[in-house]
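Working notes, beginning with the structure itself.
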Amino acid sequence: MTTQAPPTSLLPLTPEQLARLQAAIGEYSPTQLAWLSGYFWGMVNQQPGSVAIAPVASAAASITVISASQTGNARRLAEQLRDDLLAAKLSVTLVNAGDYKFKQIAQERLLVIVASTQGEGEPAEEAVALHKFLFSKKAPKLNETAFAVFGLGDTSYENFCQSGKDFDGKLAELGAERLVERVDADVEYQELATAWRKQVVEVLKARAPAENAAPGVLASGAVDLLDSSPYSKEQPLTAQLAVKQKITGRASDKDVRHIEIDLGDSGLRYRPGDALGVWFDNDPALVDELVQLLWLKGDEPVEVEGKTLPLAQALRSHFELTQNTTPIVDKYAALSRDEKLIGLLADKAALQHYAHNTPIVDMVRQAPADLNAEQLIGLLRPLTPRLYSIASSQAENENEVHVTVGVVRYDIDGRARAGGASSFLADRLEEDGDVRVFIEHNDNFRLPANPETPVIMIGPGTGIAPFRAFMQQRDADGAGGKNWLFFGNPHFTEDFLYQVEWQRYVKDGLLTRIDLAWSRDQQHKVYVQDKLREQGAEVWRWIQEGAHIYVCGDANRMAKDVENTLLELVAEHGGMDTELADEFLSELRLERRYQRDVY
């Protein structure tokens, strides 16, 4: 591969260094060069006290791919597209949405966005600032820009792929040209993604001349040494359950488990802020119930990923049984010809409510149908792993990973139901039993690089998990920065998760402040946002001192309430109006001083 070097005056290299570099890279492919660019960028960022030098933009880097990822799927797809474009000898820059300088969007000529959706149709956390900018009055006209959008979502949520729809619609509204039609993909997105990637490459080959091709720098810092693990979502590590302990009281309405998994000598590495992906098997009793309701035996042969398996085994290990969706209800209504289900199809809100509140097995019980094994399999979605915020640091627990699991339990018509993964970990997986796991790295939820920086942690319920990891890491590092925890749950006596550990951190001086909100211990309900509001003046002082703010937990209610409270206290104590307070919080996001891990 040959490239035209930029003027040496623009490079932080001597002519001799540049000559050695050009000689060294001659044997590498474009894809390998792109990987190396991220690898060396990651090395620079890992060196204490180093100053990152902004890469010089190549005039040939005419395609920008933005990854707006929540659980890693959008990032992986964006990386695959980047590799496809490089293989086609096209110039491409891949950038994490959280690192994208969105005010430069008016200069983009060819733009591709791979966007996931979280919560109630909101953009991925790393894309919030970009989304806000595009929907603000400051968004520029994009008459010279051409774009493509791939949306990732989950049809079990009402606002399916809303983030992708938002980006696609707004870019067009701002005058940009749509290169290809937007794709809205469910959890089983691989086939759609493969076809879309091919289409995008062909379209871009006609728009971006290949003779000028040069691999773009991964603006996000891309490849990290921790990402070089042989284990992944597709090839998980088989680890062993070491500890399973209930950490809520007997009288608690919540069943929360502290789970410790032994990684052995696997070499699997993670950082505070990362998530643990857990593969699970469905409850055999649930499988039997579903099979019997459909008058099947369970030994019928079915095809799954090119293999022939007995139906019961396929249902246990390959398909989602605990999460219903509107497309499943739609398909089952047609198969069962049930009048009640057919009546729901005309009412979107009623259909969504039914799918959300009625497990598949109960839908079948309420509306019996005569299905064969293949029809049943065709109705269901593939099993997907669940992600749990990691509650430990390898600085303290080198060969272990801990998670905090809220077990989902409820009744439907007097029958006990439970979450697929949470009940697997709590009820069916025995100590020393095998569990398949992988690490989902989350660079959008990281402790400050400077150990002297103050930290404010807001995590009610199981949202406390990553902050246990944060404190273990700060303790091991001897970090001098102040630490403030806001935690809440229904009852002090039953629901104070990791109480002894927090009390020890307070006693040792590591945890500077702790504010606790017990919503059911008094007549009026008190939540973490109420405690945050009470301490508004002091929170503002910490922010002025450079504090980083972290929020973990429920995306639909808690995280929104906390953000509104932060806006209120910034406006009140910072002397700003609502618009300026919102801009201030957006700046904190861009500076990585306001980070959220919400779900």
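Quick reminder: no glycine exception, Cβ is built from N, Cα and C everywhere.
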According to Swiss-Prot, S519, R520, K525, V526, Y527, V528, Q529 bind NADP(+); which one of D475, D477, D561 is annotated to that same site?
D561
Ranked by how many other Cβ atoms lie within 10 Å of their Cβ, the binding-site residues S69, T322, S519 are led by S69
Using DSSP, what's the helix, strand and coil tally for the domain 'Flavodoxin-like' (63-201)?
55 helix, 34 strand, 50 coil
Taking the Cβ of T404 (FAD binding site) as the reference point, list residues of the same chain whose Cβ is under 8 angstroms away and which are at least six residues distant in sequence.
I247, V256, R257, H258, I259, Y388, S389, A391, T462, I464, A465, R468, L497
